[in-house]
Amino acid sequence: MQLNPSEISELIKSRIQGLEASADVRNQGTVISVTDGIVRIHGLSDVMQGEMLEFPGNTFGLALNLERDSVGAVILGEYEHISEGDIVKTTGRILEVPVGPELVGRVVDALGNPIDGKGPVNAKLTDAIEKIAPGVIWRKSVSQPVQTGLKSIDSMVPIGRGQRELIIGDRQCGKTAVAIDTIINQKGKDLICIYVAIGQKASSIMNVVRKLEETGALEYTIVVAASASESAAMQYLAPYAGCTMGEYFRDRGQDALIIYDDLTKQAWAYRQISLLLRRPPGREAYPGDVFYLHSRLLERAARVSEEYVEKFTNGEVKGKSGSLTALPVIETQAGDVTAFVPTNVISITDGQIFLETDLFNAGIRPAINAGVSVSRVGGAAQTKVVKKLSGGIRTDLAQYRELAAFAQFASDLDEATRKQLERGRRVTELLKQPQYQPLQVWELAVSLFSANNGYLDDLDVKDVLPFEKGLREYLKTSHADLIKRIEDTKDLSKDDESALHAAIKDFKKSGAY
């Protein structure tokens, strides 16, 4: 077979014209050491702080230390297969996680990968894990409540949408229980919840997920889990991932609630990473920027204005403000709130709910110390009826705690002091509440109304909770219209007050408790 030179040249020309050569210009370097999930890389010149780096075996890392002749990175996931001399490439991207309604009802890891065995998430959008918080101009003051369903919190330490309220206390004193009850109480309230579990046992996280499923709360909840068995990098990133998922709803005019359980473990993970990266240690061996670690996270929780939402959605959503409410949890050691991380987070947040082991062990649960718990902005968001009725409760409790301390030393007490102590005992009993049984607004209002108007004063302390429960059942069956009015208006009119007085008197006469 004879080949025609002109045909060959034509063929070569057509091949050259049809060639699609894609130039992939990427910076690359070499691994010079791998220890404890920390990699040192030589030869990378153009790297951003927090940029994703690509390692062999489809593994990614995060650039954290940018030095003159090397880059310190932390590996996300397994690192056993990475060795000295491996090639590392830059990606030009900051770490992103999937966001959107597809995540609701799912359990994911810190990178947004599903870990609940229900198949892929199929989220249409991703967003950067680190974002700048909305500016002062775009924020609105807190004015709508987040009902926790817990008597002691809703009456004395109210939380508003867009607030940051710290839950602080020693281990095993009910911090997670308060957070889970708050999530359970959001059923039907149009509030998306995100629960971020950091450094907990996998079995504990599983128990929480199971409880949320049983109560039907998983339908509106995203669980982000970075268990104790996962790397320090994953525990460090989990809160930022959860926050980005929550911001998706905030920026589109919806309301979201995020719980970080707990930020002490995140600070420990960050300390571990920083020490391995040879950053200079400071107080309690934490790095110098541990305050910034938490402030940049918690400042992203905010109530944003209608203009912000309209601008963000390019006019698709109009006249709706969005909010992200944060409930960070901090674990103290032997009640020491003056340690480094607790003082940092107390100064960042808009108030704290302080849980005490002594109260917990005495059977007062939730174990909230009303004297030192405070909500700096939530009062503006409290429902009218609760605001009207709760003032007396806080005063009664504060006076009771003070008098109880003196009463230990005094043998004979005057009548007024004795009455105050008796009322305090009954109010303390009234504020006890079993786990997973959050209350509606009308139920809370009726309980506070009974205490304020002296209907509990002539009861034995042990009869207070049965009386409260019986009264609720009685009102449900005999005064459904009154309940509906209180629940709908979130207020107590003069007529409703009179009707409630009459109903409680009738119930007390019946003695059905």
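Keep in mind that glycine also has a Cβ here, set from the backbone N, Cα and C atoms.
Noted in Swiss-Prot for the protein shown:
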BINDING   G169, D170, R171, Q172, C173, G174, K175, T176  ATP binding site
SITE      S373  site 'Required for activity'
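Feature map: annotations from Swiss-Prot on the structure.
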residue	record	contacts (Cβ under 8 Å, 6+ apart)
G169	ATP binding site	K175, E331, T332, G335, F354, L355, E356, T357, A367
D170	ATP binding site	E331, T332, Q333, A334, G335, L355, E356, T357
R171	ATP binding site	E331
Q172	ATP binding site	T357, F360
C173	ATP binding site	L355, E356, T357, L359, F360, A367
G174	ATP binding site	L355, F360, R365, P366, A367
T176	ATP binding site	S204, V208, D261, V329
S373	site 'Required for activity'	M156, V157, G351, Q352, I353, F354
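Highlighted in sequence order, E331, L355, T357, F360, A367 have their Cβ within 8 Å of the centre of the Cβ atoms of G169, D170, R171, Q172, C173, G174, K175, T176, the residues recorded for ATP, and are not part of that set. Other C-beta atoms found within 10 angstroms of the C-beta of K175 (ATP binding site) number 25, with every protein chain shown included. In three-state terms derived from DSSP, K175 (ATP binding site) belongs to a helical segment. D170 (ATP binding site) falls within neither a helix nor a strand when secondary structure is assigned with DSSP, and so counts as coil.
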